[in-house]
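J.: If you scroll down you'll find the structure; I have some questions about it.
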Amino acid sequence: MDFRANLQRQVKPKTLSEEERKVHGPQQVDFRSVLAKKGTPKTPVPEKVPPPKPATPDFRSVLGSKKKLPTENGSNNTEALNAKAAEGLKPVGNAQPSGFLKPVGNAKLADTPKPLSSTKPAETPKPLGNVKPAETPKPLGSTKPAETPKPLGSTKPAETPKPLGNVKPAETPKPLGNIKPTETPKPLGSTKPAETPKPLGSTKPAETPKPLGNVKPAETPKPLGNVKPAETPKPLGNVKPAETPKPVSNAKPAETLKPVGNAKPAETPKPLSNVKPAETPKLVGNAKPAETSKPLDNAKPAEAPKPLGNAKPAEIPKPTGKEELKKEIKNDVNCKKGHAGATDSEKRPESRGTAPTFEEKLQDLHVAEGQKLLLQCRVSSDPPATITWTLNGKTLKTTKFIVLSQEGSLCSVSIEKALPEDRGLYKCVAKNSAGQAESSCQVTVDVPDAPTSENAKAPEMKARRPKSSLPPVLGTESDATVKKKPAPKTPPKAAMPPQIIQFPEDQKVRAGESVELFGKVAGTQPITCTWMKFRKQIQDSEHIKVENSEQGSKLTIRAARQEHCGCYTLLVENKLGSRQAQVNLTVVDKPDPPAGTPCASDIRSSSLTLSWYGSSYDGGSAVQSYSVEIWDSVDKTWKELATCRSTSFNVQDLLPDREYKFRVRAINVYGTSEPSQESELTALGEKPEEEPKDEVEVSDDDEKEPEVDYRTVTVNTEQKVSDFYDIEERLGSGKFGQVFRLVEKKTGKIWAGKFFKAYSAKEKENIRQEISIMNCLHHPKLVQCVDAFEEKANIVMVLEIVSGGELFERIIDEDFELTERECIKYMKQISEGVEYIHKQGIVHLDLKPENIMCVNKTGTRIKLIDFGLARRLENAGSLKVLFGTPEFVAPEVINYEPIGYATDMWSIGVICYILVSGLSPFMGDNDNETLANVTSATWDFDDEAFDEISDDAKDFISNLLKKDMKNRLNCTQCLQHPWLMKDTKNMEAKKLSKDRMKKYMARRKWQKTGNAVRAIGRLSSMAMISGLSGRKSSTGSPTSPLNAEKLESEDVSQAFLEAVAEEKPHVKPYFSKTIRDLEVVEGSAARFDCKIEGYPDPEVVWFKDDQSIRESRHFQIDYDEDGNCSLIISDVCGDDDAKYTCKAVNSLGEATCTAELIVETMEEGEGEGGEEEEEE
């Protein structure tokens, strides 16, 4: 048959039944397919044959053109060779088993092997089979003796040729292969590749040749077949020794032995490929390749050669003893050392070389989808190793998507555009005859939204690469699949999310100094850098400049001022994620001058009391003291009189014949302020009764104005309030607690003690937040907190006492004369107090008549109280609240829109409207009607009460009661409004009717005592907002609302009223939205969001692997008024890979939800993955 077609298909082992093998037994089969199965390297395309090596010339062209190949002695006549067959050639089966027989194996070629047929006439070998003497078999080929083994038929004629079969020892037969005459050739069996025997025609001389059969080396060398050495040598065809030896081929005895190259394709096997025609050896006889020597032509020198007799049973029918032959092929090894038949090469174990080792191992890699994936490692071995790449246990091959490259010792896998299917465990296996080694790494392919995406299982890998239909070839796969491509000089960097690798700490600078905030970034470009303050992006301006580059971003403030104080955030983003860092900037300076004009009171013959306001801005550091300066009409120079800590001072030893002026400076650690405005010229010795009534606003008939030290208060948990104060009568009570009169034991000063009921940690935290805000509000128009104590279920705030009662109660008093002039004085003080609050970045959010207190019962001085609902706007961004009193609350609060400083201005407008008219602009018959009036902003001046009110007053009110908060006046504009700038001393004092005010106050009192006032929670009945609560603290939890409990009807009983709210039904905590699993890249930010329902408002605690989390710059917890709670983890690292739990607790129970954070680390791991199972 023509077996050339077999070159294009793979031989499948064990596919023919025994009957089929018998039918095909006489046929000659292409044995090159068998060689390919046992280690012959494959080419990338089976049809493509690698270029010939010099040592293995292609002889196919000779088969087509030259009929006969001349031998080295010049004779090209095969008949002459056959003529002497009777003298020298012995039958295969008659050879002696004593060891003189040289099997047809692959031996070293240092000496020129003898040809099979080109010898002297007396030594001409006989044909191996039953061949007619007239014909002579062709030689197997001729190769260079110094490099590769020579063919069986191309040797010098002077030496005795070796027959293919077993010949008698008298002639010292030569083996079929190229063997040195002095060395014992190996039998024709197949040996383990670890011995690195070389094929018949192309092996290195230094390697041990393989025998033609599977024969144990310690025994007598076996002939071409698998024959036991102790018995009569078997022929090439696995024949029992007792029988007549069979010829090498399965040709009939009557037929003539035909050479390999000169026979017709149907009868003769095709020649070996990749061999030069001049050196092509001829097969001796029509022997079956499976049972005779196989030509090992296409094997690389470094790879295991294939024995001559290992044909696959699917193609080659086997004679008797097939099962035994299979066992021998699998188990037999080369000849044992020391045996007479062993070669010198076998006795040198060091010839095996060194096992592969990885000088540079594979490293774990992160790449972004669509970017280049490159894995590299460096392998050293001798002989060179076979490289195999696998992904998740599947062998990789070169495709148009994947390039496998090997440049010397550098091996690489390159994928131009990585896809999710390319992630997984990559393994590189290096294998040679001396052993094998492997290295592995994990590759992750990230999608662009990986930092914020929720955790999901990796999608199944789609089969992007074409699957090969060819079975793997063990040991030689890389030769067929690896393209050799020079590795790039510098491997591309793996894609990385942005990193802020350098960032300044919190800074404190002096006013006027320049500030540079620089954040150094790293990561995959492009990286976008944005500076923000109060969650608003900072743009270049006259004083601020932002400069961005690939190295980072710099924010420069040329001359720092007060408005530049705050928290600055640098946000860096790229397509792989984002990261942010914060720095607090404090601009410190000497304080602003004390506000307003110092005022003299209690003027006597040689003394007076001087009072003044605190600084509107303390310069970033608390005011430590005040310096009082005096000027008299004689010296006419300013001198420092004294230094004190409070905002009042009793001036003594004044001379009656002089006039005096005073001014005050504020002092902090950074310096002394400019002087305040000068007081009016004051003379002594005047009659006290002639003192102007103007002094009424700063004096009290019974006692001096209490001197208040501005203190930064911390809650004292070690001592009790009774240790420092005597607790006297109760001044008032409410659901929040009670108010008592306190007398300080040390000084005898009178204070008000507000005793809060605080059973839970959240309630205590709410009160601490109020104290913290009051520490920032040191101003004469704001009530001061001077001390605080925490006891078991109570927190006590020691407050400056204001004994004049509520403003509106003071107005309707019978001895009080209400004019527009008094209204101006009150509104001016309210505006001054709120202006200071706003300058500190705080909104009051509960401005109403109950929270405006008169200092005494006779004057017009007032103070603002109750900062329990106050909020910081500095770092709150878009703040929304859901509390207030319906009559005074702004529309944006009801509509649950972002609030601002203008929210307080609306309340000021409502207070002013009521103050001048005694009417409420929005009060309805019920809360729903009131809230509807507020949201529609419907009001007017049509009532006759406004007939007596000036146009300036109406304009003032109109500019505050604007529905759009952007159009409302701010406090500074209010103080500059013509109405508040009027000269109250000289203006007309027209009395206003107090009847409407009395009716209004009666209604308000009925509402408070008759359980009629409700919080914004009633909006739910209007289908506008649901779940709105009453008073809440700055952390978003409501305080206890006031119930119908009536307050004491004492003069100061209205002094500390809570926001009135309707009781909500109590509900156990539950999560209307739970946190979900996250998967983020290291260095980015992670955010868990949930929404918590329940009343009383639950306390929230976050846990990381059952350990509670404390808020820090790394862990930030947000909990707003609507129950939305978030945990933000900035700059995520591997340690953050954990289970996170949010726990909500109130008095009715608790609820939890849990999620997992998976962090894809960017660090390059050196550890190798687990070993894969051995490939079959």
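Cβ coordinates are placed from backbone N, Cα and C, and glycine is handled just like the others.
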J.: Swiss-Prot annotation: Cys428 disulfide-bonded to which of Cys335, Cys377?
T.: Cys377
J.: Between Cys1133, Cys1142, which residue forms the disulfide that Swiss-Prot gives for Cys1090?
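T.: Candidates were Cys1133, Cys1142; Swiss-Prot matches Cys1090 with Cys1142.
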J.: Please state whether DSSP places Asp846 (active site, proton acceptor) in a helix, a strand or coil.
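T.: Reduced to three states, the DSSP call for Asp846 (active site, proton acceptor) is coil.
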J.: Average the pLDDT scores across the repeat '5' (148-159) and report the rounded value.
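T.: Taking every residue of the repeat '5' (148-159) together, the mean pLDDT is 43.
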J.: When a 10 Å sphere is centred on the Cβ of Asp846 (active site, proton acceptor), how many other Cβ atoms does it contain?
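T.: For Asp846 (active site, proton acceptor), the 10 Å Cβ neighbour count is 25.
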